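Peer 1: Sharing a structure, written as structure tokens. Questions coming.
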Amino acid sequence: MPVLNTLRRSLLILALACTLPSLAMDRNALLDQANVLLLPRERAIPQLELVDQNDQPFSTETLKGRWHILFFGFTACPDICPTTLSEMRRLFGQLPAETREQLQLVLITADPARDTPQQLKTYLSYYRAGFIGLTGNMEQLQRLSKALGLPFVPATETEGDYSVSHSGNLALVGPDGSLRGHIRAPLKLDGLQRVLPQILDNER
């Protein structure tokens, strides 16, 4: 009997040794298919005071308690931003309700000279109710940009028809308010639909 028990334990250990790497590979494959890169450890985000699309104060502390997807852009953006928002609208419509309830999309302007709260509110209303827009002074915005790993180059102009160079990636922030990873462009909606519920369930 002791020999039999030892054999059973050995077989169980062997089965786990084979299964765990397989699970890790499956998870990594899902992340790759979704163009998601999770950080090996959380990264703190500085406390900053911004303004939302309703002209109300919005502290980065407000990010706590819920998962957020954040990206930088601007309302006059001709390509990246409308594409990102359209795809995010589609993704939110495809996600399970329980995942959607835990997740919030936030557009942070890289063009505060033109993107007033009212401008952000009007712009976001074309996509999905509940999407948040943030603005603030350039120093605060650049600090947040650096903390999130989403660079943008401030425009030298403040009037007229000008563009702003910015990253097409999105940041994934956990309910503790820390940076957890990035969703890289181009967005892969099928992969995101599969992997986001797992991330939200497993990465508390």
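Easy rule for this one: first residue shown is 1, then count along the chain.
Quick reminder: no glycine exception, Cβ is built from N, Cα and C everywhere.
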Peer 1: Where Swiss-Prot shows Cys77, Cys81 binding Cu cation, which of His68, His166 is named for the same site?
Peer 2: His166
Peer 1: Within 10 Å of the Cβ of His166 (Cu cation binding site), how many other Cβ atoms are there?
Peer 2: 23
Peer 1: I want the residues beyond Cys77, Cys81, His166 whose C-beta is within 8 angstroms of the mean position of the Cu cation site's C-beta atoms, in chain order.
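Peer 2: Apart from Cys77, Cys81, His166, the close residues are Phe72, Gly73, Phe74, Asp79, Ile80, Thr84, Ala110, Val164.
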